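Each remark here refers to the structure printed beneath this line.
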Amino acid sequence: MPELPEVEIIRRGIEPWVVGHIIQRAEIRNNQLRWPIDQEIISIHQRRVISLKRRAKYLLMQLHHGWIIIHFGMSGRLRILAHMLPPEKHDHIDLIMSNNCILRYTDPRRFGAWLWSNNLDKMSILNNLGVEPLSDQFDGHWLFTKSRNKSLLIKQFLMTNKLVVGIGNIYANEALFAAGILPSRASCSLKEQEALLLARSIKAILLSSIEEGGTTLRDFLQSDGRDGLFAKKLQVYGRHGEPCYTCGEFIQIAKYGQRSSFFCPSCQN
């Protein structure tokens with residue numbers, strides 16, 4: 001599933017090709033994604049894109065009369081085509097742009113969504129989202145304060161979107177390793193210095209992934225079709241039974257909240 005870094009990479013990749021340009025029309029080949037595509041998107045005609053923003057794992061495309069809200073689900077991706085190519089089986093949506101490029105949405109599992117809103121403030125899926133981990137608001141003090149009365153395991157805390165958005169399983173594992181904290185620790189057990197280090201680690205891991213083009217494990221590709229290279233920097237995620245690069249101890253795996261957690265029993269405590 002694309003997490004915050006992957007969605008931000010897609011946003012940056014397609015922004016120069018769509019912002020300031022006009023959507024001439026949409027070609028919808030499959031209306032049945034996670035939810036049916038709104039008629040406003042299906043019938044879009046000659047509408048200029050004003051801005052392209054990201055909130056959590058949502059892309060927000062602003063037009064003069066409303067917003068297209070895109071969520072990538074498990075396997076969705078967007079790419080820019082310099083000219084029309086024959087669509088393949090899972091190419092469900094094209095936005096035909098005035099600059100002769102095509103914005104193509106591909107989603108093999110069809111868990112993604114294309115939604116429409118006249119007013120983002122009234123979108124319930126956005127209203128209950130937590131703090132952005134790359135914002136100034138998110139820091140060690142915030143993390144320490146918010147975790148005081150939480151019985152959640154720290155890994156689950158980091159993946160609760162009502163608290164903090166977009167970190168996801170891969171980056172939660174990597175950040176906890178970087179901070180030397182076991183995923184099974186109760187969030188309320190964090191000491192203030194641990195919270196400061198964890199917040200810094202989260203920011204550093206997310207920014208590093210963005211710089212490397214994200215993490216390609218299965219479906220994710222950048223908007224130009226390239227793989228993300230952060231997978232080569234993973235320290236614990238997906239490395240069960242392999243030696244830790246730092247200490248040589250074998251990476252272990254456990255399930256908390258039905259999600260796999262990878263950790264080094266020596267480097268993390």
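Positions of Cβ are set from backbone N, Cα and C atoms, glycine also.
As the structure is a computational prediction, the values presented were derived from the model and not from experiment.
Using a 10 Å radius centred on the Cβ of Pro2 (active site, schiff-base intermediate with DNA) and all shown protein chains, the other Cβ atoms total 27. The active site, schiff-base intermediate with DNA annotation in Swiss-Prot covers Pro2 and rests on sequence analysis.
Annotation comment: Swiss-Prot describes Glu3 (among others) as active site, proton donor, evidence class sequence analysis. Glu3 (active site, proton donor) falls outside any helix or strand according to DSSP and counts as coil.
The active site, proton donor feature in Swiss-Prot is assigned to Lys57 (among others); the stated evidence is sequence analysis. For Lys57 (active site, proton donor), the same-chain residues lying six or more positions away in sequence with a CB closer than 8 A to its CB are Met1, Pro2, Glu3, Leu4, Val7, His71, Phe72, Val165, Gly166. Secondary structure at Lys57 (active site, proton donor), taken from DSSP and collapsed to helix, strand or coil, is coil.
Residues annotated as DNA binding site in Swiss-Prot, with sequence analysis given as evidence: His90, Arg109, Lys150. For His90 (DNA binding site), the count of additional Cβ atoms within 10 Å of its Cβ stands at 17 [all protein chains shown].
Among the features that Swiss-Prot reports, zinc finger is placed at 235-269. Using a Cβ-Cβ cut-off under 8 Å and counting only residues 6 or more beyond its ends in the same chain, the zinc finger (235-269) has close neighbours at 153, 155-156, 159, 169-170, 173-174, 176-178, 180-184, 217.
The active site, proton donor feature in Swiss-Prot is assigned to Arg259 (among others). The 10 Å shell around the Cβ of Arg259 (active site, proton donor) contains 15 further Cβ atoms across the protein chains shown.
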- Task: Helix, strand, coil: count each for the residues of the zinc finger (235-269), based on DSSP.
- Result: 0 helix, 12 strand, 23 coil
- Item | Rounded to the nearest Å - Cα separation of Arg259 (active site, proton donor) and His90 (DNA binding site) | 27
- Note on the structure: If you count the other CB atoms within 10 A of the CB of Arg109 (DNA binding site), including all protein chains displayed, you should get 14
- Item | Maximal Cα-Cα distance (Å) across residues annotated as binding DNA, namely His90, Arg109, Lys150 | 42
